[in-house]
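Feature annotation from Swiss-Prot assigns transit peptide to 1-55. According to Swiss-Prot, the feature region 'Disordered' maps to 72-114, 708-734. Swiss-Prot lists 143-432 with the feature domain 'ABC transmembrane type-1', giving sequence analysis as the kind of evidence. The feature transmembrane segment is assigned by Swiss-Prot to 143-164, 187-210, 260-283, 285-305, 372-390, 406-427. Marked as topological domain 'Mitochondrial intermembrane' by Swiss-Prot: 165-186, 391-405. The glutathione binding site annotation in Swiss-Prot covers R311, T312, T313, F314, R315, N374, S375, G376, Q377, G424. Residues or ranges marked as ATP binding site in Swiss-Prot: Y475, G499, P500, S501, G502, C503, G504, K505, S506, T507, V508, F509, R510. The feature compositional bias 'Basic and acidic residues' is assigned by Swiss-Prot to 717-734.
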Amino acid sequence: MSFGSCSRHALFTPGALPGSFRTMTTSCVKRVYTAQIRGGDALGKRLPSVSSFPGQLPRHGSHFQSLAFFSTSRRRQTPPPPSPPTTSQSPTVPSKASTTPPTSLNTSKPVATESQDKTDWSIIAKLAGNIWPKNNPNVKFRVIGALTLLVAGKVLNVQVPFFFKTIVDSLNVPITESTTVWVLAGASIAGYGAARVLTTLFGELRNAVFASVAQNAIRKVARETFEHLLNMDMKFHLERQTGGLTRAIDRGTKGISFILSSIVFHVIPTALEISMVCGILSWKFGWDFAAVTAITMLLYTWFTIKTTAWRTTFRKQANAADNKGATVAVDSLINYEAVKSFNNEKYEVAQYDTTLKAYEKASVKIATSLAALNSGQNFIFSSALTMMMLLGAQGIVKGTMTVGDLVLVNQLVFQLSLPLNFLGTVYRELRQSLIDMDVMFNLQSLDSATKDSPTAKPLHLKGGEIEFRNVAFAYHPERPIFRDLSFKIPAGQKVAIVGPSGCGKSTVFRLLFRFYDSSSGQILIDGQDIKTVTLDSLRRSIGVVPQDTPLFHADILHNIRYGNLEATDEQVYEAARKAHVEGTIQRLPEKYATKVGERGLMISGGEKQRLAVARVLLKDPPVLFFDEATSALDVYTETELMRNINSILTGQGKTSVFIAHRLRTISDADLIIVLQDGYVAEQGTHEQLLAMPGGVYHGLWQAQLTESTQPTEEEIERQREELEVVDEKKKQQT
């Protein structure tokens, strides 16, 4: 319940009570809360204090300045539409089929109460370790200091009604000409002001002290989650849509902020304040006042929890629609060129609108159920307040209570209204935060299919010999890629892997790099099974230029330096020269400071590939893997780049593997391995394979040779332009 408006009815009038009492006209206390507090639980929103920094929740101390009857009202606010998608996400990749279903980020399914309670407590226990770490006395000191300030603030807050009571009783006497306010109630007024100021001061100090504790916990959990995701295998990332994944992580980290602040600064202090008020009412005015208060608190809390549990289903549905909307929007924006190329803007908008409709439907349910919750809370508290005023009025009539006592009762009850109102909001947000964090912690609990074995040792390279021994692998059980693949790549030699599309050429690298693990067989490097060595040492020993070049939304200098973050600028420049991309970079307006755009969309495919080559040359690993590294280059640039690469490899003893469709680029390889239907169909040098009429390699070579004799569209266009230039010169001469 929030109090946003009040009626200006005076509680007392002259002559209505014994003695001479001046008319007290109450001033409306305007409390402006944000839409999150008024609306209760707008989707995706948090209490305003939490968004500023954890540990700061709306103040309890600044309550009502004068006695008044308040008509309570709460503004309804429909949940906001889904947050705009962040277009800087990594592109989603069509998932490979998997026998193990991925952990869903959809939180719309109801969870059994007992199971959910266990999950909630396990989440809280994990967070407790972050706010009370074993080997960090500084954090413990801050937590103790924050709790001390909290208790001190609550004790002072309860004193405010007592000062108010004393002021009213002091003024309820005959007024003479010599009487002044300071004579009658000066000390009480000063105490009233001091108590309110100190309550606010202690609250702000508490927030400042606890802020670093909460932020440190958030940073630690967020870092652990991000690190865990980076350590997951490729199958995990291919099966998940980036938009929904990042949205779930974002909500989970925000949930940490709310839970830490709400438990420490709302749940505990609210219970403390209710206990203190019930004790004071019982001690000062009897059990009936305390009984009404206790019953009201229990009924209010029970109603809020039950109603919120019913409304949680709608929140889950809205979250599921929000995740889906983010995924659809990110996919569409990332694939902007495809959308425009096929004129499918209306289709993409319709897809996004479908998710918005689902979100809208769930949001309407949230808003309408919120009205029922607000009405019930208002009725319960208003009924209790009426009963308390009735008991107080009877006490005044009987002479057992003074006017100040009535003021005291009224103020104590109203002081409970704020924590109770926030308790409802906190409970609603607490439940949602636990749901969001459950999804995030489930991500942390997933195991990677490819990870170091307990006995893994660093890879010791001797020459770089690679052997596939009876390897079987399939992305999907019904479509095996390799059945019994065996071949050996000699150390220090240039080896090419060729074959028809879909024969598994790129899969060789994915298995070697342990993006995936083979289902059977062994992959050896210098006689060491790659499953028995550490992933870090394995991947540091291999450099790759992938078929689809991944670039960051940063400048060219950073994208090349990513191969070796410790490299100097001069080393980066040298790698660019070796990759035959230095001239292109120098022609750009900002040269190495030029931004390449998201996924490198602001530069050509050939430039992206040359940057990737420069990056791997900067890494300078003993084993190099080129997966269609020159497919986007013109013949001249390709020839120059391959000449540079060959010169780098010459005499350095590096093992290099080239996957290529253009067979002329690998005709000088020491060994060519031809794959077909999951097996090694042929292997040998270029000359040996051509000497095998009817062979796979011979057929591929003849097909490309025939194709190369036909003029390309670019060559036809160039010839046409040359003819036009000749014709123009003839016209000028005539």
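Positions of Cβ are set from backbone N, Cα and C atoms, glycine also.
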Under 8 Å, at least 3 Cβ pairs, sequence separation 6 or more: does that hold for the transmembrane segment (406-427) versus the transmembrane segment (187-210)?
no
Return yes if the transmembrane segment (143-164) and the transmembrane segment (372-390) have at least 3 CB pairs under 8 Å (sequence gap of 6 or more), otherwise no.
no
Are there residues at least six beyond either end of the topological domain 'Mitochondrial intermembrane' (391-405) with Cβ under 8 Å to its Cβ atoms? List them, or say none.
12, 17, 21, 164-169, 172, 284-285, 288-289, 292
Rounded Cα distance, in Å, between R510 (ATP binding site) and S375 (glutathione binding site) is 60
Cβ neighbour count within 10 Å of S506 (ATP binding site)
17
When the topological domain 'Mitochondrial intermembrane' (391-405) is classified with DSSP, how many of its residues are helical, how many are strand and how many are coil?
11 helix, 0 strand, 4 coil
DSSP three-state assignment for R315 (glutathione binding site):
helix
Quick note, R311 (glutathione binding site) and V508 (ATP binding site): C-alpha atoms separated, nearest Å, by 51
Hey, what's the Cβ neighbour count for G502 (ATP binding site) at 10 Å?
12
In whole Å, how far does the CA atom of G504 (ATP binding site) lie from that of R315 (glutathione binding site)?
45
Where G502 (ATP binding site) falls in three-state DSSP terms
coil
Rounded to the nearest Å, what's the C-alpha distance separating S375 (glutathione binding site) and Y475 (ATP binding site)? Just drop the number here, would you?
56
Among R311, R315, R510, all listed as binding-site residues, which has the most CB atoms within 10 Å of its CB?
R315
Using a 10 Å radius around its CB, how many other CB atoms surround Y475 (ATP binding site)?
18
Same-chain residues at least 6 apart in sequence with Cβ under 8 Å of the Cβ of V508 (ATP binding site), in sequence order, are F468, I497, V657, I659, L675
